[in-house]
Structures are given as structure tokens and as C-alpha cells.
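Accompanying notes for the structure given below.
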Amino acid sequence: MFLKKLELKGFKSFAKPITINFESPITAIVGPNGSGKSNIVDAIRWVLGEQSAKTLRGSRMADVIFAGSKDYKALNKASVTLYLDNQDKILPLDVSTVKISRKVNMDGQSDYYLNGKICRLKDIENLLMDTGLGKDTYSIVGQGKIDSIINSRPEKLRELFEEAAGISKYKSRKMDAEKRLEKTNHDLQRIEDLIWELEKQVGPLEKAAQKAKKYRRLKEELKVLEVNLLLDKWDKNLDRLSSFEEDEQLLIHKLKSLTNNLTESQEKLESLQRTLKVKKDELSRLRDRYYRQKSKREEAENTLCILEERRQGLSREKENLNQEIKDLNLRREELTGRLDEIGSRLIELKEKIDNYNQNYESKKVLLDEIKENLDREKQDLFFLRNNILDGNVELKDISSQFEQLKERGRHLEEEIKRIKTTRDKISSEYDALNEREDKLRTYLKSVDNKIEEKRSVLTDLKEEELNLQARLEEAKKRFNRTRNKLNEKNSHLSILHEMEDSLEGYYRGVKNILKARSKLTGIIGVVADQIEVDKKYELAIETALGGRLQNIIVKDDKSARECVDYLKETKGGQATFLPVNMVNGRKVNFKNNQVKKVDGFLGIASSFVDCEDYLKPVIEYLLGRTIISTDLKSAIEIARLRKRGFKIVTLEGDVINSGGAITGGSKNSNKKMLLSRSRKIEDLKKEVLKLQNSLGEDSKNLNQLENKLKEVLNKKEVIKNDIRDLEIEKNNYHKDLIRLEQEKTKLSERLEEIDEEFVDCHDRLGKNDAAKQKLEDKLKALNDDFSLEKNEIENKEKRVEELEARHENINDEITRLKINLAQLNEKRESLRKEEEKSNKELIELAEKNEEFKERYNKILSEIKGINNKEGQLNELKVKLSGEIEKLKNDLNLTEKEVEEKQQRIDMLQREVSDLQTRLDKKKDEKHQIELKITRLENRNERIVEILENDYDVKPEDGFDDRIKITNYSRAGQKVKELKNAIKKLGTVNQGAIEEYNDLVDRLDYLQNQHDDLLKAKESITKVIQEIEETMSSLFHEAFLKVNGEFNNTFKELFNGGQASLKLTEPENLLETGVEIVAQPPGKQLKKLSLMSGGERALTAIALVFAFLKVNPSPFYILDEIDAPLDDANVTRFARYIKEYSRFAQFLIVTHRKNMMAEAETIYGVTMEESGVSKLISLKLSEQII
């Protein structure tokens, strides 16, 4: 496997896309500092998954996107693609070329791609694991990486050995196993807590279960006795009901005769009322017409007022138009005057322009004459200068010798200056070293302060860690409490759902009908399922309905017959059916409003029930004669006021039956309430949802606390690392101080050498000046001979200068004339535009004047029309007044006729009232019989309610434990004895039996889970031990191999010496660090921190190549690691790379010629434009592309 190609788009300083082909074993990247060479190395590191922006020399990940320059806009994304040749299938992919890509947007979010398909960073890391490649492996050695490897802590250096040993995947597996072990321990602790809590509940719950069994036995015996007593009463009441119903039929016949007479009188009354209605309608029409005509007259009067206001408005507008016309005429006069003024100014400007043009032409002629004289003088000057040049031949030799001496003196002076400059520079360097020494000592003090600050922060983090751990423990407890509550509510909800699905609490006959409803037709459902009741009235309605909650509502009597036949055929028990087409509601009729005024009266029971409209008659039938009150006191007061056949139920479930019997007391809380069951299910669902939300919040809080704790732990580790880094920085400052002292000594010796050079140069300069003086005297005598000719030349030159000055002055005057002409022309153009604008405005004013005159004429015409309309409206007003007077007379006549008809109707109404009184008397007699019937029915209903609600028995179905009671007194005494025995038991948890059984099952289940978790813990612990043994073995094997190769490589690079690796904790191979000890040729064995920079760099290189031999990487990237080496070591290192390029591919960023010489392909990076890198390539056999 080797690197084939690298593509960059918008990455760092590369604004344009570039492609680098790696066709040679050794590829070099060269270029000046700051040109962007290292950005190519950063691109490879980045595409392999680097997550630290700081490592990529940025503050955030979006900094890798090209930020723009003077000529290039900033980009909004960057991408890098790396092509790997995989023909030898080192990577576990069935392709010959593997393409790894990474893209980033301005938000800093990265996407990874493998062969063009999006993937995770972990997928790429897993692919490259143990191949020697990756963002943190030794295959990429960046700027300063050599020193960082050597100066790494022993624990950090160990990571390179782990990569070489191939134990990264084992380390990852171990971490996963430890997480699973931690989770298992956590689950184990939670299970043990639950078992401990449940075991505490077993003893008390077992006693409660035994007590509940005894309670059930006594309760069953009491039920048999009470049911038989109630059934005997129910049979006797049925016999009395039959007698009362016969008396009721006789009264019904008499009521029918009175009703017919009343109907006849009512028909006569209705006929008269219809006649009266016709007359009243006629009266209403007359009144409507009367008021309409009055309204028209008022409307005509209003219109007259409006017309008057309009006429006044038009008059005002006419006056305003007159004023506008006057203003327009004034403006026209102003504009005419301005136009005359503009004409005068235009004439003046024309005269000025003509004068300037004449002056311009005369100046131009003068300029041409001066130019001609100037050319003639320059030609004479040229001939004089040539004559002097011809006479200078004799002076050339002397001048040449003089110049040589002069040049030599200049060189000596420059040498003296250079020596002075060098001395000043060295003195400055010496002062800078002193200053740098002071800064280093200041830095040392600053580092010490930072270390103390970091240690203080570390102490605060430890306290925060303890606080978070305590809060986390409390959050876990709260989470467990909420989860337990949720489990309890879910269990209760499940029980209610099971009861609902199994029809628990319904009579046998009702159950069989509901189960067979798919076979039968017309079944709507039981009463309990078809109504909705507010929780406040739930107990009252359940008490009022009793067993009738299980009555089955059907569409019609045919459906009822079908259901009864089905029960008979299947012997499925009995049920009561309510056909919608036959059931008629009965409702209490309050003629006496005193009942409503009773404090505590709430209303008729049926009004507190919601149902479908078509079922309301059924609800009226069931509850229309039942009143609901707040308590028993108000119920008794209502019963006293209204002694008729109705039932009163309180909100507490107490009942006053129609006969006056009062039923009340405590309710059986364990009784199966059919009406409230659905509501309880909905309430429980809401509670479960609330608990689930609360559990989610607790879980979220728990996760937040765990994340905060992890964050604090991470911060602690960062602070610890910072302290270690600061200690290293402090040590480096100490080393720099030692180096500074050495450099200062060298500079002092150099200053002494420079002072000796300075004295020698001064002596040589004195001799040179003496020789130069002799030649200078000789030159002076020759120069006197040419002085006359020079004077003549100077005169000519002055004449030329005067003419040139005069030429320039006249030229300036011409330029000023041009400017003045341009300004005058501009003013003339401005006046012409103003003249044009004023003429245009005059035209517009004329048009406006015409418009105002036209509007004035229209106003005069409109005023005339208003005067005509006023005359018409006055005529209409007189006509309407006559019609109104006639309508008033017709109204009076019709009102008299209506009054007569009303008197006849009053007489008939008295007759009808008398018949109604007699009818009501007979109805009262019938009502008394109905009351007696109702009382007996209510007594039987109460008996049925008690049987159905308290004992789940229907009289129609019979009773399996029916007995004949001969001694009612003895039976009553037995009931009291049984009730006392039940009372002595006290509070009984009737669900204790089921709860005890559930608790035992739950404990068994948790114990099995506990055993499974113990086995899992043992298994995971064993896996971790096996992984650790494998890691120790692989690490030890890799360490021995690298140690041997490191010593060999060190000897090859240093031409001798020795080096070795040592373990800081040999007995702990899983965590031991690694230290490096080296001995260059001719020196003692010592630690790397005491070696020179070049020795440390070469030692680091030896270590890298030792790793290469033990676990070769397919390619290596070296970023200026040869910088600290001298030429000899660079040559040796370059040959070494050349040798190993047979086994691996190298990409080298370098400045060194010796290293470039070994490369077959060289890429140059330049920055011709600021901030934009450009790539060029060259091969040994090719020109630069």
C-alpha cells in the first residue's frame, strides 16, 4: 500500500484546487518560509481525522477554510481527498484504490467519506488501526514533533509503542468491557436495593393476607343472610303493587272525559285568537305605512338641509378659485421679468468669451517664437560641450589613477564602517542577550505563578467533583423512586384494563350478551358505557342507578326480544334491556319552587349526565325522577317539602327513597364501581404520562450531572497536563539561560577580534590618502586651462534656462485662459437651461389658469341645479303631509275592532280555566295512587340496588343460596353478630392476598436477575483479565524489538555510540512509561535533555526509524525535521532515507539542498500573491511546469 494522490480544495492558503501525485518513493516539498508548505502536511493530518484546531495551527476548525485575500473572495467550505493504493489488500476493503475524504463548512461541522460514501470518523480510525497510519502515529512527524517526542513524558511516549505493538484495538475492547462491568455493577447494586426493600414488605403483607381471607369468609356468610331477607321483602311489595294499579285504571277513564270537554273549548278559543291575529296584522301594516311616509317627509327635509350646506361650500370654493387665478397671474409676471434678465446676461457672457479667445490666439503665437530661439541656443551649447570632451584625453590617465586611489579609500572606509557596524551589531546582540536573560527570568517567575494558579484550580475542581458525586447519588435515588412509582401505576392500570377486557363486575347475563354482541343486532351497550359524569357527581349517579348501570340499551324491542331469546337458548342468565323506541322518560315536575330554594339542592340527576341526544329519553327514564343534593341534611329538608314519588341521592352516596326510607353510611371502597372504572383508567394514564415525563426529566438531570462530573474530571486531567507542560516549560527556560551565558562569552571574544581589525584598516587608509593628494594637485593645474570654456558653457546654459522658464510661464497662461473659457461656457449653458425651465413653467401656468376657469364655470352651474332641486323637494313635502293625516284616521278605526275581539277571547279563557281546575283535581287523585305505586317501586328498586350493588345479585335471576326464613328476629340478631365480628377485624386490605402473591413472584424474578448479573460480572472480569494479559504480552514483545532496532539505528546515524529504552515500571507492563537513554560516540551515557539540539533531533529520528523497522508504515511524512541538523548529518540522514525508500514512501518538507538531492520529485510552494499559495512541480528530467 502506498500514497497515490492528494487533492485540496479551499484548504487554508490554497484558494484554487490542487492535486499532488506521489509517483516517486521520495517526494520533497520546498519553498520559502510562510509560503504554505506545511499546509499540505496539515491537510493529510486533517483528512486522517485530526480533531484539534490547535494542532492544525488554528483557533477553530473553520479556520482551515480559505479566508480570502486582496484578489480572491473567502470560500465557505474546504475539502481534502487522499488516495491510497490498496492492491496488496492491507486495508480490509475489496478495492484497489481507497479514497478517504473530509469536508468542512463554516459552522465547523465535518463530514467524512470513504470511497465517496459518507461515514463516521470511527469507521476511518478502525480502517487504519494498527497499520501505522493515523493522525497521532509516528508516520507523520511535523514541525517541532521531534522535540515533542523526545521531551514527552514516559507515559505519553508509551502510546507510540502501543501503536507499534498493535494493541490499540485491545485497549479499545478493554475500555468497552470496563464500561460494561461498571454498568453491571450499577445494575447489581440497583437489584440488591430493590430486593432489600421488597424483603422488608414480605412479613407485614403475609399477615394482612391472612386477615383478608378471614374477612372474605365472614363477609360471604353475612351476604347470604342479608340477601335472603331482602328477597322476602321484594316479593311482598310486588303483591301490593298489583292492587294499586287497578285503582289507577278507573281514574284514567274519568280523566279522559274531562279532557275531551276541555279540548272543545280550547278549539273555540283558538279560532277567535286567529281572527284577532288577522286584525292585529292589519293594524301593524297601517302603522308601518304611516311611519314610512313620516320617514320620507323627514328624509326630504334632511335633503333640503344638505343641499343648503352644499351651496354654501360651492360659494366658498368659488372665492378660493378667484384667489388662485390672481396668484397665477402674479407668478407669470415674475417669470417674464426673470427671462428678460437672463437674456441680458447671456449677451454679456458672449462678449467675455470672444475677448478670451483673442487673447488665447496671441499667446500661442508668442510661444512658438520662444520655442524657435530655445532650440537654437541648445544646439550652440551642444557644440561647446563636444570641444571640452575632445580636450579631456590628457586628463583620463591621471583621473583613472586618482579614481583607483579614491575607490581603494572608499573600500577601506566601508570596511571600517562594516567593522563598526559589526561591532555595534554584536554589542546590540550582547545587550539583547542581557535583555532576553531578564525576560527569561521574568518568564520563569510567570510560569511559577501559573503553576500555583493551576494547582489552586485543581483544588477547586476536586471540591466540585465531591459535590457533583453527592448530587449524582441523590439524583439516582430520586430516579429510582420515580421509576418505582411508575411501575406501581402501570401495574394498577394493567389490572383495570384486564377487568375492563374480562367484563369483571358485570352480571352473568350481561357478560354473555356483550361477548355475543357480534352475533346479535341492535345492541348499543350497557348504560355505564354510554354516559359521562363529572367526578363530583360520580358517586351520586352510581348510587342512583345501582344495578341499572348494567342495563343494556338496544335500538328497539325486536333487538331486546332477540337478546332474551339468546339468553334462554344458551342458559346464559338474565339481563334487563332498554329499547330506545319504547322507553319514555319520567321527570320530576316542580310546581312548588320551594324545593329549588333549599340550601344544598343541586338538580335532577339526569341533568348531570352527558350522552348522545337519542339516548336522553332512556336517561330520563332512569334518572328523571331522582334529585341530587349536597348532603343528607339538605336531602331530608327536600323530602319534607315534596312528599311524592321520587328519590333523593346525596353526593356522599346517601339515599332517601320515595317512601321515605333513608339508606346511608360508609361505602365499601373495594366495591367494583363500573361508572368510575373508565375514569380511573384515564386518570391513571395521565398519572403514568406525568410520571414518564418526570422520569425523563430525572433521567435528563442524571445524565447532565454525569456529564458535568465527566467534564470536571476532564478539566482535572487537562489541568494536570497543563501543570506537567508548565514544568517542562520551566525546565526549558533553565536550559535557555545556560545557553545564553555561553553565547555571551562567545560574543565577548568576537568583540576583541573586531577591535584589532579596526586598527589595521586605519593605518592602510592613511597611506592611501597621501598618494591621492599628489594626483589631486596635478589635476588642479590641468583644470585651470579649461575654466574659460566652462564659463562660456555656463552662460549658454543660463540663456537656455531663461528661455525654458519663459516658455513654461506662457504655457501656464494659455492653460489658465482655457480654464476661464470653460467656466464662462459652463455659466452660459446654466443660464440657457434656466431660460428653458422658466419658459416651460409659463406654459404650465397658462394651462392651470384654463383649468381654474373651467372649474369656476362648473361651480356656477352646480349652484343653479341645487336651486331647482330645492323647489321639487318642497312640493314632495306638502304631498306627504296629506297622506300621513289620512293614515292616522284609518289607524284609529282598526284599533277599536281589535279591542272588541280581545274582550270575547277573555270570556272563553275563563271557561277553559274552570275545566282545567276540575281536570287537575282528578289528576291529583291519580297522582296519589301513583305515589303509592312509586313508593313500593322505590322500595323494590332500593332492594334491587342493594342486591345488585352490594351483593351482585338480581332478584329475576334467583339466588343459589336461597333459604326460607321463619324467624326474622333471630335472622336480624345473626346479621348484627356477623357485622360485629367483621368490625373487630378493623381496617382490612382486601388486595393483600394478590399483593402478597405478586410480591413473592417479584422477589423470585429479581433474585434470578441478581444471579444472572453475578454471572455476567464474573464473565466480564475474566474477559478484561485475558485482554490485559494479551496487551502485556504484545507490549513487551514490541518493546524488546523496538529497543534492539533503536540501538542499531542510532549507531548507523551517529557512526557509533549506543542507545537504549528503559521502562519506568517494569513490573506494571500495562501502565509503565518509556524513557530514552543515549550515548553519542566519544561521550558519556546521559539523558536526552542534556544533549544538544542536533543530537536530540538525530536520536528522535533513530527512534522513528526503529518503529519503522518493527512495524513499517506504508508512507512517512517528515516536516522540516532536518532543520536542527548540520550539513554532514543531513547528508547522512538523506542517504539513510534513500536506503529505506525501498520499503516505504516518503513525503519530506525541507529547506536543505542535501535532502532535495535525494528526491526524485520536487514540489515547490510559492506565494506570489499575499495569502494565496501556488504549487509547481519538477522532476530531475523535466523543466518546471
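Each Cβ is built from the backbone N, Cα and C atoms, and glycine gets one as well.
Taken from Swiss-Prot, the feature ATP binding site applies to P32, N33, G34, S35, G36, K37, S38, N39. Counted within 10 Å of its Cβ, the other Cβ atoms near S35 (ATP binding site) come to 19, all protein chains included.
Marked as coiled coil by Swiss-Prot on the basis of sequence analysis: 167-494 (among others).
The domain 'SMC hinge' annotation in Swiss-Prot covers 521-639. According to DSSP, the domain 'SMC hinge' (521-639) comprises 57 helix, 22 strand, 40 coil.
Residues or ranges marked as coiled coil by Swiss-Prot on the basis of sequence analysis: 677-1031 (among others).
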Check: same-chain CB within 8 A of ATP site center, minus P32, N33, G34, S35, G36, K37, S38, N39: S13, G31, V1165, M1167, S1173
Arithmetic mean of per-residue pLDDT over the coiled coil (167-494): 78
Three-class DSSP secondary structure - N39 (ATP binding site): helix
Binding-site residues: S38, N39 - member with fewest neighbouring CB atoms within 10 Å: N39
Which of G34, G36, all binding-site residues, has a Cβ with the fewest other Cβ atoms inside 10 Å: G34
Site of maximum Cβ density within 10 Å, from binding-site residues P32, N33, K37: K37
